[in-house]
Amino acid sequence: MKATRYVGHLAVIAVSLSPLVSAWPSWPRWLPEMDSLVVRADETSSTDEKPTPTSTTTTNGKPGPPLTTTNLNTGGRPKATGTGDGSKNGTSTSPPKHTMYNEQDPAGSVVMVTPAITMGSQLYKIKDYVTFGWNYTNLQGTPTAIDVLAACSKASNTWTLTQNMTFETAGSFTWDTGAYQATAVQSPLLTEEYTLIIYDAESSVSATAEAGYLAPFTGFKFGLYLPKPYQPLGEWKCSTCSAGISATDRRALGAALAMSVLTVLSFTWFVTGLGVLV
């Protein structure tokens, strides 16, 4: 305890004599170094700095494990949500039901009214109005719309008269052939025979007939012709007519005359030779 007290006194004496020691021109060699006796306090900073963590990378020449990427979206992907009142309002997208009728029932058909089939083939002049009228028979499944076409087999072409025409129990359509011919540059009407085609717009021309439903109708034929401009009779010339007789006709006429003479002579000899006439 006393030794500790003596050391404290010596330290106080050394501190009090430090100004004199620093001013002393030469410090005795036999004494310890002056800096070891006089200890100065370090300056303190008012701001405490936190150590900055540093990352150490160790390279040992070996490839590390492959890097992996982690989805940081812990909330998951957003999902589309909808709200509703649970009512039955809205439109249904389910396809319409196809009713199956008795297979023994006939398919629906078209019956021409204007013009009637009993009148035979009809001939219409292009540039005139042509009216077609018809009824339906054996029809149980009502079509929503009707398509009407005109087909020409010799021209290998089909003309659409109307599409998606509203269905009515008595169908009718008037075709303005003149208006169509004025605009039909690529496929004009020809002087030919045509077939009227009537079928369900939701079906096709080549559809198979089904019980209760409208079968494609192709039972009416008509003709169209292009009129030629008027020409006076005095200016008209027959391209196939000739005033002279041909060599073939002359030979035929000579053969007919020869047969006539031979017939007369044979009959005369028969009568006089047998004494039929006295």
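Including glycine, each Cβ sits where the backbone N, Cα and C put it.
Feature annotations, reproduced from TrEMBL:
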type	residues	note
SIGNAL	1-23	signal peptide
COMPBIAS	41-51	compositional bias 'Basic and acidic residues'
REGION	41-106	region 'Disordered'
COMPBIAS	52-75	compositional bias 'Low complexity'
COMPBIAS	86-96	compositional bias 'Polar residues'
DOMAIN	105-240	domain 'DUF7137'
TRANSMEM	252-277	transmembrane segment
So, by DSSP, how many helix, strand and coil residues make up the domain 'DUF7137' (105-240)?
13 helix, 66 strand, 57 coil
Just to confirm my parser: what is the rounded mean pLDDT across the domain 'DUF7137' (105-240)?
91
